[in-house]
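Some notes on the structure that comes next.
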Amino acid sequence: MFSLRIILLGLFISTFYLSSDAKKHTRTSGKTLHSQEPVVQLKNAVHGKVFMPVMGLGTKGAGLLDGTGGEYWGNEQGHNATLAWLKAGGRRIDSSSDYITQDGVATGWIASGVPRSKIFITSKIMSIGYDEALKTFDDILASLKTDYIDLLLIHWPGDKPGTVTKPVPACKKDKSTWTDCRVQTWKALEHLFKQKKVHAIGVSNFGVNHLLEIFNLNSLIPSVNQVEFHPYWHEDELLDFCQKNNITFNSYAPLASADHATFLGTSWNPIPDLRQHPDVIRIAEKYHKSSVQILLRWQWQQGIVMNPRTLNPAHMIENLSIFDFKLSKQDMMILSYINHPMSKMFPDPRLIL
Ligand SMILES: NC(=O)c1ccc[n+]([C@@H]2O[C@H](COP(=O)([O-])OP(=O)(O)OC[C@H]3O[C@@H](n4cnc5c(N)ncnc54)[C@H](OP(=O)(O)O)[C@@H]3O)[C@@H](O)[C@H]2O)c1
């Protein structure tokens with residue numbers, strides 16, 4: 001009887017403490033092991049009602065560990081992480097045609113035994129033009145061993161600054177901007193959407209200028225924008241713009257790619273590990289939570305969905321367990337004021353014309 005009372009009290013407290021900001025975006029699914037995990041309803045460019053689980057699994061281990069620019073997550077890591085994630089109760093997986101883990105994600109979700117209809121898979125296509133995007137989409141379906149994608153994004157509004165796609169896409173040849181490539185790729189996504197091969201379409205790394213370009217087509221508005229966002233680097237104006245236009249804001253590198261020092265292959269770490277930041281540790285102690293839970297909760301209280309990457313099953317459970325407490329306004333503000341002069345982990349998409 002006593003323990004039943006404790007459980008009821010816990011349920012009451014956790015429901016009460018879901019922030020009102022977050023509540024605006026949610027419906028509690030109650031279907032995973034972590035029954036407090038909410039989902040957000042995507043508003044634009046969706047077929048019917050599309051609910052996106054707040055917590056996803058990142059599957060790109062980018063880096064220079066071997067000094068060649070190679071990635072240190074391959075299909076083995078993609079498989080193991082996806083399998084463990086689905087076993088832990090996670091239901092969303094963040095993938096891309098550009099990641100070398102996609103085949104592993106497929107074997108992982110199949111091995112889990114979780115029905116495809118209960119899993120939310122995101123994939124992405126670079127700005128490569130209409131025909132190329134349609135072809136890449138066929139490759140994505142084959143690689144992920146599925147006949148539809150829940151959410152398909154344009155990965156970048158052009159080449160990542162500092163990299164050059166080879167061969168240069170036909171839509172870019174002889175042109176100074178990536179506009180044609182973006183527009184053509186968006187039209188390809190719209191085509192796939194109309195064919196119901198994708199349940200929702202959106203973008204990634206798009207700034208306000210890139211989004212306005214899509215708005216001006218007078219067609220579909222993206223459902224999601226996936227952008228780098230963490231206490232070291234947060235574009236609050238972009239977040240505000242997206243939310244005002246019903247574009248769900250999906251952060252990437254929510255932990256500022258915590259192992260970036262590893263992939264830089266150096267013990268000298270130009271950007272200190274956010275998990276060790278004194279303010280984050282102090283707040284974590286106050287709420288009896290881990291640093292990572294504080295960092296993720298800070299995002300969720302702003303209505304942001306996220307996809308931290310981890311191979312560790314205990315970390316997965318931790319990441320799925322951020323819905324039973326609430327940070328005070330003051331603590332939210334302290335986290336928002338953490339900045340670092342070299343804080344951007346990925347190239348700046350605002351440089352892409
Ligand atoms: N759209 C884009 O252009 C774009 C760009 C970059 C990334 N992304 C997506 O965003 C995902 C996440 O970004 P990211 O991979 O750069 O890095 P991240 O998620 O910010 O950080 C990953 C690191 O955090 C650690 N971690 C995760 N959960 C933890 C926990 N509970 N406790 C302690 N440590 C924890 C992981 O280590 P352990 O394995 O030890 O847990 C790993 O070292 C990517 O995988 C990808 O899916 C998208």
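Think of each number as a place in line: the chain as shown, counted from 1.
Cβ coordinates come from backbone N, Cα and C, glycine included.
According to TrEMBL, the active site, proton donor annotation covers Tyr99. Residues annotated as substrate binding site in TrEMBL: His155. What TrEMBL records for 66-335 is domain 'NADP-dependent oxidoreductase'. What TrEMBL lists as signal peptide is 1-22. Per TrEMBL, the feature site 'Lowers pKa of active site Tyr' maps to Lys124.
Distribution of TrEMBL features across the structure.
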residue : record                               : Cβ neighbours (10 Å)
Tyr99   : active site, proton donor            : 25
Lys124  : site 'Lowers pKa of active site Tyr' : 25
His155  : substrate binding site               : 21
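For the recorded site, Tyr99 (active site, proton donor), the DSSP three-state label reads coil. The two recorded residues, Lys124 (site 'Lowers pKa of active site Tyr') and His155 (substrate binding site), have Cα atoms 5 Å apart. Between the alpha carbons (Cα) of the residue listed as 'substrate binding site' and the residue listed as 'active site, proton donor' lies a span of roughly 11 Å. In the three-state DSSP classification, the residue listed as 'substrate binding site' falls within coil.
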